[in-house]
Amino acid sequence: MKLLKPTWVNHNGKPIFSVDIHPDGTKFATGGQGQDSGKVVIWNMAPVLKEEDEKNENIPKMLCQMDNHLACVNCVRWSNNGVYLASGGDDKLIMVWKRAAYIGPSTVFGSSSKLTNVEQWRCVSILRSHSGDVMDVAWSPHDAWLASCSVDNTVVIWNAVKFPEILATLKGHSGLVKGLTWDPVGKYIASQADDRSLKVWRTMDWQLETSITKPFDECGGTTHVLRLSWSPDGHYLVSAHAMNNSGPTAQIIERDGWKTNMDFVGHRKAVTVVKFNPKIFKKKQKNGSSTKSSCPYCCCAVGSKDRSLSVWLTCLKRPLVVIHELFDKSIMDISWTLNGLGILVCSMDGSVAFLDFSQDELGDPLSEEEKSNIHQSTYGKSLAIMTEAQLSTTIIENPEMLKYQQRQQQQQAEQKNASIREASGAATTAPKVASMVNGESLEDIRKNLLKKQVETRTADGRRRITPLCIAQLDTGDFSTAFFNSIPISGTLAGSIMSSQNNQQLMSLDSNAANSLNTSKPSAEPTAASIKPTDDAASKDGVNATSVSTAPPASSSSVLTTPSKIEPMKAFDSRFTERSKATSGTAVVTNTNQTVVDRLKDQNLIKDNKPKDILESSSDSEEKIPAAKPLSAPKRKLELEGETVEKKKKGRPRKDSRLVPVTLTVQSPAALASEKDAACISAPALALKLPTPIPQKSFTLQVSSDPSMYLEVENEMTTVGGSKLSRLKCNREGKEWETVLTSRILTAAGSCEIVCVACEKRMLSVFSACGRRLLPPIILNTPISTLHCTGSYIMTLTTAATLSVWDVHKQTVIVRDESLQTILSGSDTTVSQILLTQHGIPVMSMSDGKAYCFNPSLSTWNLVSDKQDSLAQCADFRSSLPSQEAMLCSGPLAVIQGRTSNSGRQAARLFSMPHLVQQETTLAYLENQIAAALMLQSSHEYRHWLLIYARYLVNEGFEYRLRELCKDLLGPVHYSRGSQWESTVMGLRKRELLKELLPVIGQNLFQRLFTEYQEQLDIL
């Protein structure tokens, strides 16, 4: 045995709490305390193994240093394939690192000495769930799961294939959880905590298998960590700090019956870390000895607070070697090399030690094939030797579930083969990939960057060059470092992690190109421009009328209604979602130009440029301040004005100037004083909205059909003493026109109908081809706002009453419903009006609330509240897999577009108990389903229903899941008195159930899957 303490491996005198050797043996990582943050350092293994490499100045010792953790790093662990490095620290975070293929070294940021990062490692995922310090992390044998434990008494199982998805949160410990280890077979995971217990959990259903407490009854919480370990053959689990007759031991727990009859004794203080050698050994055969095969055995290293290290062989009753006073402080972590002959040990004193054994001392290691045969003969097929495509966390009990998984695997294989073919085709055209980036050589890129630097001359003739930051170039791949003197086994390749995107709406000016910001939790945001489609809306799309306020004193105040839709923010933080926008820039002529000129001076009007823009249903960021009222306080109803333009003959310009027009609304009388209000309630006055001022002529662009224009010309001619007004419609080059006997105040249209509101409270309705559908409708009060969607007409009168009709069916949907109910506060305004394609009116208020009117119940229902704590605290990201991230642009998405990221932000900023987060998430998802049902948005209903079901499965809410399945299945046998409806908004419930069943069968609810699958087969 050789012992080495490389002094160059240090954290500048600060403690080192963790060490781990890379699976290929070329490097190792340390984690601990930095100067003012946590520190993760990746070191070269070659100078540790060979003295000549240590003396060679051309071989770097430090490869990379990462100071991203805000507090001390307690654990670092490499994934079994060597692609990822996970680190957990006191900042409650787990960071997952991956090597980046940047060209050239870089200096360590903030370093006083000129430290150089030879390799570049970037954080690809930040895992947030723990509410306390993260003490330990561990990768599963097949790298599909990552487990973390914390002082918050929980163990979190992360889906390593789809970070940051949480598969399970293991609760049961009543003390700080300080250690984790996976069963090498993949059936169990064990955790040890300060509550004097060691718990073993099943990976099949993430439930508790057993809790062992007797060996720990005399233990106290005196150790910083409790790093337990499982033997590579799976037979034994060895704990950290245990007691036997008041003496510190490492308890040996047998897998068969979880018996605790043996332990490792001899240390004078508490055992902090136990680490099994990854190899299984057999006795080395000497020359001339019997060829009889020996019984395999394992090797284990034990570290203690007494600063000593002991190495044990399970075939011996006494330790193979004991090294006393190896460090000045407690041993914190141990890591074996993959060949099983080397061991790295770190201490709280900030140093590490390396022990190099020979095969004569430990024995002959078994090959991986022999090791796998032991696993298969003892336990069946081991998860450690299964590929990800073969990975199955549960035993498949149903052949239908097996067929479904096989179909999924086949589809994934086909997609993979297609991508490989595309990549190979591209590779043939670019043989020099390593030296080319985006079609340019790296040398050309560097030269072009240097040309951009700014050089000036001072008065005395000296040159002054402004520094230019040149970002490092990522070639997309990296080769083996030249200084690695150890052969690397295999190619360490991994797919780039999908970035989690948060979408944020930018400026909403009609002439500015809109963009969505996409950001990763651990990266700076990047912009991605989105082009609108020509489609008016998707299946359940809406036409939106944004509302602004101003006094109607000027004759130039013309009510207009351009329709814009704000894209919904991403449901799942991982993907950029693009929303279909309805283009609807209305154009209206204005006979008085003074208002426009005044607005120009205030920089409130900008020219529309011929660019692709993403329009929004929300208000513009720049608004005209309402004129100060001369009487009682006013309640303002913000209405989206339709844009104004000078009348010109022929087809109007598309690059019209948008003019927001403000309208005042008479508010109820001022409230009585608090003294009088105690006994007298002042009667509320009726709301009063302004009437559109008649204009000589104006032009509108129909929001749902950008190729459709309405031209109005009032009092164009006089016939028989009466003045006639003309309505002209132009759609894709086809025109029709008609005349009316009254002046037209406002107009609206859709793909099916055209509607105009005239003086004398008359409403006229025409077909899309100009045929009058109804005699003039006489309204109770004058019109204030008019809107059309499909065959539906919505009117808002000056008395603040709302009405909706279906022209084709000639039925009333909403009859003179007052807005008094939802305009609760004196400062509340209506910021947006929506009319869905199902005739559901929606009012978005300035206080962040949105209401829709339910014709069946004749009630206003709250469908969205931007201040709702449920929306801010719900966290359902783990329930949405990456391949199912979908675009949702229905009415609910439009209403909630501004706040879709609030829950994600709150989850990062504020910690809460997991049980409370479960309850808030369930309540939020159920509210979303109910709101989508109220808005008759079928695709949004299906979207949220799938998310809800997946969340129930992930969290194990069987009773709610069963209730959901029962409602979708309905009665198995026909009953004449049954009230069950087989469809919901045109969606067949049993078809929805078929979509949910594969999600249910992926977890511990296979029997529930079988139960409902059989009933569906019968039906």
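From the backbone N, Cα and C atoms, a Cβ is placed for every residue, glycine too.
Residues or ranges marked as compositional bias 'Low complexity' by Swiss-Prot: 406-415 (among others).
The compositional bias 'Low complexity' feature in Swiss-Prot is assigned to 544-561 (among others).
According to Swiss-Prot, the feature compositional bias 'Basic and acidic residues' maps to 599-625.
Residues or ranges marked as region 'Interaction with RBBP4' by Swiss-Prot: 23-443.
Marked as region 'Disordered' by Swiss-Prot: 406-433 (among others).
Residues or ranges marked as region 'Interaction with HDAC1' by Swiss-Prot: 444-1019.
Annotation source Swiss-Prot lists region 'Disordered' at 513-561 (among others).
Annotated region 'Disordered' per Swiss-Prot: 599-633 (among others), in sequence order.
For 960-1019, the entry in Swiss-Prot reads region 'Interaction with HDAC2'. With DSSP classes pooled into helix, strand and coil, the tally for the region 'Interaction with HDAC2' (960-1019) is 36 helix, 4 strand, 20 coil.
What Swiss-Prot lists as repeat 'WD 2' is 68-107, and the listing cites experimental evidence.
Per Swiss-Prot, the feature repeat 'WD 3' maps to 129-168; the stated evidence is experimental evidence.
For 172-211, the entry in Swiss-Prot reads repeat 'WD 4', with the evidence type experimental evidence. Using a Cβ-Cβ cut-off under 8 Å and counting only residues 6 or more beyond its ends in the same chain, the repeat 'WD 4' (172-211) has close neighbours at 132, 135-142, 145, 147-151, 153-155, 157, 217, 219, 221, 223-234, 237, 239-240, 251, 253, 258, 375, 379, 382-384, 393-395, 1003-1004.
In the predicted model, residues of the repeat 'WD 5' (220-263) average a pLDDT of 89. Residues annotated as repeat 'WD 5' in Swiss-Prot, with experimental evidence given as evidence: 220-263.
Remote same-chain residues near the repeat 'WD 7' (326-367) are listed as 1-7, 9-21, 23-25, 28, 30, 32, 48-49, 75, 223-225, 227, 272-285, 296-297, 299, 301, 303-305, 307-309, 311, 313, 320, 374 (criterion: CB distance under 8 Å, separation of at least six residues from the stretch ends). The annotation repeat 'WD 7' is assigned in Swiss-Prot to 326-367 on the grounds of experimental evidence.
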For the repeat 'WD 4' (172-211), residues assigned helix / strand / coil by DSSP:
0 helix, 22 strand, 18 coil
From the DSSP assignment alone, can you count helix, strand and coil residues within the repeat 'WD 5' (220-263)?
0 helix, 22 strand, 22 coil
